[in-house]
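Note sheet for the following structure.
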C-alpha cells in the first residue's frame, strides 16, 4: 500500500471507494458546499463536493457526452437549452459545440464551483463560458424554473446527489416545473446515479416523472468514477418518436454535426436505452 494519504468517499454507509491523494490542491467550504480538489495518479484532478466525487479529468467525457448528445441528436433540431447545475462546465462545453443551438441558459447555485473549475479543470469548460449564446444565472435551479417565463427545447439537470441543496432537483415539484417550461416536443434529462446502489432514488424519479411525461425512461453509461455499476440518466418527453429513431438516422445526424466524440456514437445511442433486466424488473414493479 502506498503511504500517501488516502481519501474515502462517504456516499454509502457499508461500502465505498478510496483514492490516493498525490497532492491536495484545494479544501474549503463555500456558502453552499464543502469542496476538495486533489490530484490522483489514475484519474488526474478530482473534485469532491460534500464528501462525494463529482468529476475527474480522466473520465468526465463519458458523463458529459451522454447527458448532452443523446437528447440533442434524438431531437434533431434543438435551438434552446437550459442547463441546471453543471458548474464544472462540462455540459456547457458539449452544448456549445452545436452551431444550430441559438440560446443557452445555465443556472448554477454556487458561483464558487464555476470559478474553481475554471482554475483547476479548464478543459471541462474549454472557454465555453465566453460563448456569446450563454446566459449564466447564479440561482437555485428550482427557484429559477418556478419563476422563469421562458420555454426550452432541452432541459439538462446536471445536479449533485439528492443531499443538501441538490435535493430540490429531485423533487416532483421540480419535474413539474421543468415539464411546463419545455417546448411542445422538448426533452428533459437528468443524472440519476448508479442504480445498483441508488435504486430508491431512481424509482422515486421514475414515479415522479411518469406524472408529467408520456415517455419516461432511463438510459445508461458506464462511468468508472461513479462506483457500483451502470449509471442511469432520466429521460422525459411527450414525443414518443425520439426513441424510435433508427440507427441509420442517428448515424446521419451525427455525421452532419461534423463533431468527434470520445464515448458517444450511434450504436451507443441506440443501445443505451436497453437496460439490464434487474433494472427493468424494479421499474416495472414500481
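Glycine is no exception: its Cβ is also placed from the backbone N, Cα and C atoms.
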The S-methyl-5'-thioadenosine site in Swiss-Prot lists 140, 141. Which one of 102, 108, 183 belongs there according to the record? 108
Do you know the mean pLDDT across the domain 'PABS' (5-238)? 94
Count of other CB atoms lying within 10 Å of the CB belonging to residue 108 (S-methyl-5'-thioadenosine binding site): 24
Looking at the recorded positions 108, 140, 158, which has the shortest Cα distance to residue 64 (spermidine binding site)? 158
